[in-house]
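Record features, source TrEMBL:
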type	residues	note
SIGNAL	1-20	signal peptide
DISULFID	CYS30-CYS47	disulfide bond
DOMAIN	61-211	domain 'Cupin type-1'
BINDING	ASN106, HIS111, GLU116	oxalate binding site
Amino acid sequence: MGSAIFVAFTLLAFASFVLASDPSSLQDFCIGINDPKDGVFVNGKFCKDPKLATANDFFFGGLRTPGNTSNQVGSVVTPAFVAEFPGLNTLGISLVRIDFAPNGVNPPHTHPRASEILICTEGTLYVGFVTSNPDYRLMTKVLHQGEAFVFPQGLIHFQFNTGKTKAVALASLSSHNPGRVTIANSVFGANPPILDNVLANAFQLDKKVVDNLQAKRWVDAI
């Protein structure tokens, strides 16, 4: 009987440990500021004195303006992360607007700290993500205005404008600072460059092809 109770208690304690997560906030908000004066450092930012908060701290108008898609990938991301929108600090949410020219692509990338849900607000978008190993399954869908798709945290995903006119999407992410790792930029645009022997063997490419890729001027949609 005693051993059974011990086992049950151990399992309960283990379950509690497995389900542990960040504690709930103990304050209404923590508006991020860069000046440490009269501030408290919380999760990467100093907090503004709550008594000095105004409605403007919780407002961001940057998503109303279309982005300039005149670049190599034909798209641009306008972020509303904590750096641009300090009122998001510690709230675990953020937004982006993505503008696409015809044939524009938001290149394959990941968000290491967030899942993302995207809604197409204008045009038509081919979207998808790839599952982790060993399956590497490609999940894709064509989105029309008002339709949404979710990208799980950390998985490689992309969006592509398949229409003949511009397209626009809005996306929400489950972190105030989700991060972004664009695959091509990280692999072939690293500074200093990754050894071409490493990439040639990893991608089964000729070293000249690798050298050519590394010589490109890699751009991002953000």
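From the backbone N, Cα and C atoms, a Cβ is placed for every residue, glycine too.
TrEMBL annotations: computationally assigned, not manually curated.
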Field: Env. residues of oxalate site, Cβ within 8 Å of mean position of ASN106, HIS111, GLU116 Cβ
entry: VAL96, HIS109, THR110, ALA114, LEU118, PHE151, HIS157, ALA171, LEU173, PRO178, ARG180
Message: Give me the CA-CA distance between GLU116 (oxalate binding site) and CYS30 (disulfide bond), in Å, as a whole number.
response: 23
Message: Quick check for the class: what is the C-alpha distance, in angstrom and rounded, between ASN106 (oxalate binding site) and CYS30 (disulfide bond)?
response: 31
Statement: Within the same chain, the residues at least 6 apart in sequence whose Cβ is under 8 angstroms from that of HIS111 (oxalate binding site) are PHE151, GLN153, GLY154, LEU173, SER175, PRO178, GLY179, ARG180, VAL181
